[in-house]
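Let me begin by presenting the structure, written as structure tokens, before commenting on it.
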Amino acid sequence: MTQEKWGQLRQRLLKTVGQNNYTTWIEPLVFSEVQDGVATFNVPTNFMGNYVSQNFADLILYELNTAGAKVQRVSFQVAANVAARPSTRVAAPETPQDTSPAPLDELQAAPLDPRFTFDSFVVGKPNELAHAAARRVSEGGPVTFNPLVLYGGVGLGKTHLMHAIAWELRARKPELNVLYLSAEQFMYRFVQALRERKMMDFKVLFRSVDVLMVDDVQFIAGKDSTQEEFFHTFNALVDQNKQIIISADRAPGEIKDLEDRVRSRLQCGLVVDLHPTDYELRLGILQTKVQQYRGSYPGLEIADGVLEFLAHRISTNVRVLEGALTRLFAFASLVGREIDMELTQDCLADVLRASERKITVEEIQRRVSDYYNIRLSDMIGPKRLRSYARPRQVAMYLSKQLTSRSLPEIGRRFGGRDHTTVMHGCKRIEELKLTDGQIAEDVEMLRRALEA
Ligand code: ADP
Ligand code: MG
């Protein structure tokens, strides 16, 4: 065993553990010597030595032996002459450490949340397509689109829909082996299988499921060997015509560090997104939740306008919306008061303040002109060329949608235009959104970027 050999070995480890783990835990190891079957490494801190020893020792041992070194044990010692690394290098571990290792031979699915069913899922424009696709695969009929990829921002109902599919399949097709797990759990199982040298078991088990659901798949991006295994599992299942359902926080094409072949595999199926909620959907969700709460808080009254106010003021993230309502009910029942505007403002002051980040017309103008690659001055100025007029209308439309400015106020910010011009611009974009896919997409992209 030489330093040079260790250098090569590290490259293999990089592939297995992924870049983050590698940078944090493997790279700082300094190979010292092999003596009496013990390979010794110098580490900068005790903490690090313990961590690596618990989590990667087997893997390192395995690689050392594969490379021909006759080693029975690896040991880590803090060497006085190894400069301590800045503590920022000790990042949070990639694999969930508090999960006690489940034996590989009983492939446990992650538990399903009993609240996440189709019954409790409120359908609106922003999620209707995702909902319809989820319904379809939950029937367990012949596999028509594979994989189904659900993507969208945080708190928009991806996990809810996936659990709903799993519940429904369990009820309709109890004979099917449905496996739901997060991408992190997938990775954890994989690393564990490597460590315990049970890759065969891993492969056999994963290839025996009928429906595989992997939530938040963006987490495997950049983790090369996990991605590779995922890719193989994926292909094996697709070849057997088994349904795969994936979720991600963005479109497959936009996930950084995702291997091209994985990406194109994902794009082969049906890719549907959950859009940020709109006012109607938020109101619908609030009304549904109120019905549910009525059971636990009988006699609770909500003044007119409160739900509308919340739907208006709280962001697109449904989780935040739910949290606000739960707090409101708990508070009202504690103090024994009706939920009116005053109580709402008091109880939710912090939430309301947090969602107050206002998008400005200026910000919209800047983003839109960047997006269309025109100068800000041309957008605001008098030129009537289509290549300026259209972006201008898009910016007007977004200003109307995303800010509380009135039409005359918006007009003023667009070089002193009349409010009827703004109104006309907004109408035009609304029409075009229905007939021109490109415009619809531009508007959606911009809106997301602005609301992010
Ligand atoms: P994601 O996985 O996309 O981050 P979740 O599925 O965890 O989001 O949803 C966050 C919370 O919002 C959950 O409690 C979920 O039940 C709720 N939720 C999201 N969308 C809806 C909806 N359309 N109807 C009812 N509840 C919803
Ligand atoms: Mg989720």
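Backbone N, Cα and C atoms are what each Cβ position is placed from, and that goes for glycine too.
TrEMBL has this to say about the protein:
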- GLY155, GLY157, LYS158, THR159: ATP binding site (BINDING)
- 144-274: domain 'AAA+ ATPase' (DOMAIN)
- 360-429: domain 'Chromosomal replication initiator DnaA C-terminal' (DOMAIN)
- 1-80: region 'Domain I, interacts with DnaA modulators' (REGION)
- 333-452: region 'Domain IV, binds dsDNA' (REGION)
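Under the three-state DSSP scheme, THR159 (ATP binding site) falls in the helix class. Taking each Cβ in turn and tallying the other Cβ atoms within 10 Å, the top scorer among the binding-site residues GLY155, GLY157 is GLY157.
In terms of DSSP helix, strand and coil, the region 'Domain I, interacts with DnaA modulators' (1-80) has 44 helix, 18 strand, 18 coil.
Across the region 'Domain IV, binds dsDNA' (333-452), DSSP helix (H, G, I), strand (E, B) and coil residues number 88 helix, 1 strand, 31 coil. Its own atom aside, the Cβ of LYS158 (ATP binding site) has 24 Cβ atoms within 10 angstroms in the protein chains shown. All chains included, 19 other C-beta atoms sit within 10 angstroms of the C-beta of THR159 (ATP binding site). Compute the center of the Cβ atoms of GLY155, GLY157, LYS158, THR159, which mark the site for ATP; besides them, the chain residues with Cβ within 8 Å of that center are GLY152, VAL154, LEU156, HIS160, LEU161, SER247, LEU274, VAL318, ARG319.
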